[in-house]
Amino acid sequence: MVTEQEVDAIGQTLVDPKQPLQARFRALFTLRGLGGPGAIAWISQAFDDDSALLKHELAYCLGQMQDARAIPMLVDVLQDTRQEPMVRHEAGEALGAIGDPEVLEILKQYSSDPVIEVAETCQLAVRRLEWLQQHGGEPAAGPYLSVDPAPPAEERDVGRLREALLDESRPLFERYRAMFALRNAGGEEAALALAEGLHCGSALFRHEVGYVLGQLQHEAAVPQLAAALARCTENPMVRHECAEALGAIARPACLAALQAHADDPERVVRESCEVALDMYEHETGRAFQYADGLEQLRGAPS
């Protein structure tokens, strides 16, 4: 049983800008796992931080928790044009993930936002909510625990899924469905098909490909992920996801790519490499759990 005092102690780590970013991320993911109003309140407090990377992760976690009590905060973040595009995008995606139709109108309103990543995100979230209404709830559980911005396509043939993924004339929602079906299929052929998506036109799409390759953790995608991370002309949101994917895949070539960009002039890339190197250590070490805020707290001397 977790006490209110323990939740507060983990929350204090999250909102403390003097704490190392890795410790704050671990605290965030611990709060996400614990859930409840206390965790939501602490996560919501951190949206005035100056790290876009952290704030985007806050929104992601609130969406994954699927707790409607987070909706007002996420709507505020989506509407706040002072927030970075990657933060507003993640708030829009989180509203879709929670799955409550009460946000349909606000998502439709922001589907024509001047920031293309925000507009495309809200369009996808509207399609997801409409799909949930048409199909009577969430898609059947797959091999991954994440709440995705689109349900996987029913098609199982990797070649046909690759074709759908890369066809830029198709609706983004259909291409996302192909993306998640490829992730669920797994294996080298699917990983290589997904990696081709890192060259498609939409930055939002490319960033989601990076995220999915991090979930898949197949080393066949490492060269393409490392190349995208190294492209200084690439959207920072895409480079960030590629960095975190390399941290999750955790092969020696990933380490070299992450270390090469640990001092990148783009803050969100630099911080992503910092977090990814921490993930790399976790993946290659003996620690059982990445979201270890509670274990750290209980193991600390009183």
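Note that the numbers count up from 1, one per residue, in the order the chain is shown.
Any Cβ shown, glycine's included, is placed from N, Cα and C.
What you see is a predicted model, and the numbers here were worked out from it, not measured in a lab.
From the candidate list His207, His218, His261, the residue Swiss-Prot records in the Fe cation 2 site shared with His89, Glu90 is His207. Between the CA atoms of Glu241 (Fe cation 1 binding site) and His89 (Fe cation 2 binding site) there is a gap of 14 Å, rounded to the nearest whole number. Cα of Met1 (N-acetylmethionine) to Cα of His89 (Fe cation 2 binding site): a span of 35 Å. For the repeat 'HEAT-like PBS-type 4' (205-231), the DSSP-based tally of helix, strand and coil residues reads 24 helix, 0 strand, 3 coil.
Apart from the site residues His56, His240, Glu241, the chain places the Cβ of Leu53, Met86, His207, Gly210, Tyr211, Pro236, Met237, Val238, Glu244, Val268, Ser272 no farther than 8 Å from the centroid of the site's Cβ atoms, the recorded Fe cation 1 location.
Under the DSSP three-state reduction, Met1 (N-acetylmethionine) is assigned to coil, being neither helix nor strand.
The DSSP breakdown of the repeat 'HEAT-like PBS-type 2' (87-113) into helical (H, G, I), extended (E, B) and coil residues amounts to 24 helix, 0 strand, 3 coil.
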